[in-house]
Amino acid sequence: MSGSGRKDFDVKHILRLRWKLFSHPSPASSSPAGGSCLQQDSGGGSFEHWGPSQSRLLKNQEKGSVSAFWKKPSSSSSSSSSSSSSASSSPFNPLNGTLLPVATRLQQGAPGQGTQQPARTLFYVESLEEEVVTGMDFSGPEDKGLALKELQAEPASSIQATGEGCGHRLTSTNHSLTPQSDLDSSSSEEFYQAVHHAEQSFRKMENYLKQQQLCDVILIVGNRKIPAHRLVLSSVSDYFAAMFTSDVCEAKQEEIKMEGIDPNALWDLVQFAYTGCLELKEDTIENLLAAACLLQLPQVVEVCCHFLMKLLHPSNCLGIRAFADAQGCIELMKVAHSYTMENIMEVIRNQEFLLLPAEELHKLLASDDVNVPDEETIFHALMMWVKYDMQRRCSDLSMLLAFIRLPLLPPQILADLENHALFKNDLECQKLILEAMKYHLLPERRTLMQSPRTKPRKSTVGTLYAVGGMDNNKGATTIEKYDLRTNLWIQAGMMNGRRLQFGVAVIDDKLFVIGGRDGLKTLNTVECYNPKTKTWTVLPPMSTHRHGLGVTVLEGPIYAVGGHDGWSYLNTVERWDPQSQQWTYVASMSIARSTVGVAALNGKLYSVGGRDGSSCLSSMEYYDPHTNKWSMCAPMCKRRGGVGVATCDGFLYAVGGHDAPASNHCSRLLDYVERYDPKTDTWTMVAPLSMPRDAVGVCLLGDRLYAVGGYDGQTYLNTMESYDPQTNEWTQMASLNIGRAGACVVVIKQP
């Protein structure tokens, strides 16, 4: 290697070395300090040849590792510059009976100095698989990009080293001396891996491209010709790889015409194939993504999709969603669709919405996930779209109107539609309007009129709130809310203090927290929580302290039913008038009840189950506010305390709870669910819960019942399940953030 002053071995040089070593031996006594002959050690052992044996190299190649290579010291015109080696200083001295399998060289000081440089070894770092001799000092002179190191040998058993600039490691083990005859068959071998080889190679190919050298294909798109190298294009594009390696005509053509691709986008992607660099711009990103999809460049497709995700806005999300669908970019389409659903109120105010084709609009109208406050909003959006181009779009009106939940519109809107000019002469539209009017006029038949148009959209059903309850910390003070669209629970606020066995009602989208106990005493206090402002207001207290009471709203006022005052079970009932903000007593129940379930149905207040001090109850009675009287109903099939009660489609449901007979104080937790039909005054067993739940919170959200939390005998539950009356099945839903038993669950339409 000329850069280091050494000369590479050739065949003549090897023969000359053999001649010096074996054909013309010189006496040890005649060799001066600068003699040119190597001598054997005093032990009489033979030298190992310089460098690893051929068999060792082959063995290492089979293992996938590479041994070090060696170079002979440079020779001058006077071969006497080489130094003789003694047994004590020779680098070939055995280490525990073995020698390093690396080439060594003796470096002699300046003539006449008599000093000897330490033995050093040149090696190339390649394998990461084996152990090598340790205790060596490394230095790393660079030689025109070669990843070489110089190694100073010291006695040791193993070594690990990392080659400078390439991240590889030479590994080796100690080896015994090999026969001298190996020198005759061995050859000089080198193993090398360039640093940044691929980068440098592609940079050179880029230069060839710029100079239009060695180009073997020309891509023609429009009026533009783009030269390139087939190998480079095939290495990054599966499209070109298939083209150039298949038996198609393009595989042999020097000029290939590209159809359906933007010229600038193709140019950018060809440059990307050579450089790995790409500039993304808002005005060209769609052409670039379309070209990348065609040419099958997955890396480019991914970065373009992420770039478009960042550009999503109510004014362009519909276009991006349609474009992603056309290109088969599934992830981008999902993100754009979710963005559209979430921001639909802003989307319908933009030009893109008005320009939607009818096929795309019906997908929006049919979705349960559009984030609208009510069905009326969707209806007005449809009317706005139709009026934008009335002559062409009237023919699509009946098809699109079928995706509007007309039965859920206010009756006054339906009355106006019947004589509207757009619908008056359309028979299909008239049928849809009549169906919706029947739904309002015949509420008792609604269970027979169920259809996709009677199912409310997720965002219109309101938000489910879970307030307080017993947890592992002896009383939860957090308020969580559940969003049906996202199927997630999040914390919505905090209570003013700890309350257990209290009641909650909703008036004007505000939570009224009533009674309960704080762990020491039974409460009669009342507080009002505003979810919008997250503020609490103290209201006048009840006349009676109550925990384990039932609370509900009936025709405006709030009713607080039964409970326990700390001394006895109660049958008294109080009513809160929102106008006068006063509590007054109404008629008392027939039976004292605590841990009672209450619900309003068909203008009556139902009081279900509970405990009377001796056992759990199966009885139920109802209160008529117009007569101020309580009347008994048919009893439940099961006795239940801590029962959850809610109404759905004209039926009353009793869910979970516990049964503790008077003769046995051990409670039996229940997973039974019963349904009461007020028309026939009968109870019917329906599908049970997935697990027993005592002190379970139950309410109606949309068209389903939700059972939240509870106690299973060992754990305060954070699970929730929903009941579909149409299929008579319970389904697991998202879990609360903490387990709660006795939590009050209510729905607020507009949180």
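Yeah, the Cβs are placed from backbone N, Cα and C, and that goes for glycine too.
What Swiss-Prot lists as region 'Disordered' is 25-54 (among others).
Per Swiss-Prot, compositional bias 'Low complexity' is recorded for 25-36 (among others).
Annotation source Swiss-Prot lists region 'Disordered' at 69-98 (among others).
Per Swiss-Prot, compositional bias 'Low complexity' is recorded for 74-90 (among others).
The region 'Disordered' annotation in Swiss-Prot covers 157-184 (among others).
The compositional bias 'Polar residues' annotation in Swiss-Prot covers 170-184.
Among the features that Swiss-Prot reports, domain 'BTB' is placed at 215-282, with the record citing sequence analysis. For the domain 'BTB' (215-282), the model gives a mean pLDDT of 90.
As annotated by Swiss-Prot, repeat 'Kelch 1' applies to 463-509.
As annotated by Swiss-Prot, repeat 'Kelch 4' applies to 604-650.
The feature repeat 'Kelch 6' is assigned by Swiss-Prot to 704-750.
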Counting by DSSP, what is the helix, strand and coil composition of the domain 'BTB' (215-282)?
31 helix, 13 strand, 24 coil
How many helix, strand and coil residues does the repeat 'Kelch 1' (463-509) contain under DSSP?
0 helix, 25 strand, 22 coil
Which numbers of helix, strand and coil residues does DSSP report for the repeat 'Kelch 4' (604-650)?
0 helix, 24 strand, 23 coil
